[in-house]
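According to Swiss-Prot, the feature ATP binding site maps to 134-190, an assignment based on sequence analysis. Summarising the annotation, Swiss-Prot assigns Mg(2+) binding site to GLU279, ASN281. Taken from Swiss-Prot, the feature domain 'ATP-grasp' covers 108-309, and the record attributes it to sequence analysis.
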Amino acid sequence: MKILVIGSGGREHALAKKFMESPQVEEVFVAPGNSGMEKDGIQIVDISELSNDKLVKFAQNQNIGLTFVGPETALMNGVVDAFIKAELPIFGPNKMAAELEGSKDFAKSIMKKYGVPTADYATFDSLEPALAYLDEKGVPLVIKADGLAAGKGVTVAFDIETAKSALADIFSGSQGKVVIEEFLDGEEFSLFSFIHDGKIYPMPIAQDHKRAFDGDKGPNTGGMGAYSPVLHISKEVVNEALEKVVKPTVAGMIEEGKSFTGVLYAGLILTEDGVKTIEFNARFGDPETQVVLPRLKSDLAQAIIDILAGNEPTLEWLESGVTLGVVVAAEGYPSQAKLGLILPEIPEGLNVYYAGVSKNENNQLISSGGRVYLVSETGEDVKSTQKLLYEKLDKLENDGFFYRHDIGSRAI
């Protein structure tokens, strides 16, 4: 069987790598992919993730047995709808269901309607009433652009000036709507589930690190590292999240005529009042995918085929140890990342997922985005895995790049 993964980052590299482990998979294509993936024998295809017609044609010509969608932009662009219309097997939500991520306001309205615990909020489509609400509520508050913002459309404001500036930025840009939420304090974690026809197959939870610098300092990013599982979040808490968040949301989407197929990401926070929902994503997270998927012992391709066919999938996960991943980013990220930096030589035996990379005229891998690659390691516990991973990472010639030195420290 041939598989097509849509997307170009570290998440898609992790998906492609996992699919290649399947004995029934002969070839894995990634569109558009990146040059780093070729080291693993993955075929990269020069088709944009937003070119639905070309992707459909490629899948037909290559007789692709399964397509898996990575990024939210492709989902919101209706790639799943295009494949379904062409009667091609694809795993991901259609455009209507992807609205759970595509609009923060829509997601909040679903949570409110179906009793899913989340922060109190208000939505505004112009600046003046939003500023008035700000004055009324005071800080801290969380300000979110309604639409897709590549993981960077959220500002946690602890002072009024930051809040006003965030609102001004959102309304002066392409976003015409903003959600203002109460600030929730607690321990954040990510719960991914495979979903189809109302059936839910949860994965081990992960915790990612959004801030750019050590000690959770600096601006928000798409994620600077992650680890899985999160042992200080109990099984009881995870069950509470499934019962109170994932199940009613999946059932609610069916009720709304927007049945969800694909990977549902619940961004959660354990507060003094129990689990609350921060956000939903309609796909795997990045970098969490790179630490969750290596823990799957079963055949991912077969599991997805079974889920789509309505059969019970085999999903067995590593029961001990921890998988840790650290993102290496180009200096200047998340605002103006340096492009064209030559990547260090990666020694054999280092598990790497490439993201923002391309090749120069000398066939060397160079940085072409903010988050450049992720190095992962699996070990007995967070502390020993951290030590192992950072010893290897610190030996690399990472001039012009930076990474956090404390990924996983919350678990120690």
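Glycine is no exception: its Cβ is also placed from the backbone N, Cα and C atoms.
Taking the features listed in Swiss-Prot, we show where each one sits on the structure.
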residue: LEU134; record: ATP binding site; Cβ within 10 Å: 20
residue: VAL142; record: ATP binding site; Cβ within 10 Å: 20
residue: PHE158; record: ATP binding site; Cβ within 10 Å: 10
residue: ALA166; record: ATP binding site; Cβ within 10 Å: 24
residue: SER174; record: ATP binding site; Cβ within 10 Å: 8
residue: GLU182; record: ATP binding site; Cβ within 10 Å: 14
residue: SER190; record: ATP binding site; Cβ within 10 Å: 23
residue: GLU279; record: Mg(2+) binding site; Cβ within 10 Å: 20
residue: ASN281; record: Mg(2+) binding site; Cβ within 10 Å: 22
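A straight line from the CA of VAL142 (ATP binding site) to the CA of ASN281 (Mg(2+) binding site) spans 18 Å. The binding-site residues shown are LEU134, ALA166, GLU182, SER190; of these, the one with its CA atom nearest the CA of GLU279 (Mg(2+) binding site) is SER190. A separation of roughly 27 Å, to the nearest angstrom, links the Cα atoms of LEU134 (ATP binding site) and ASN281 (Mg(2+) binding site).
Cα spacing between ALA166 (ATP binding site) and ASN281 (Mg(2+) binding site): 22 Å, rounded to the nearest whole number. It is 20 Å from the Cα atom of GLU182 (ATP binding site) to that of ASN281 (Mg(2+) binding site). Annotated pair ASN281 (Mg(2+) binding site) and SER190 (ATP binding site), C-alpha to C-alpha distance, rounded: 10 Å.
For the recorded site, LEU134 (ATP binding site), the DSSP three-state label reads helix.
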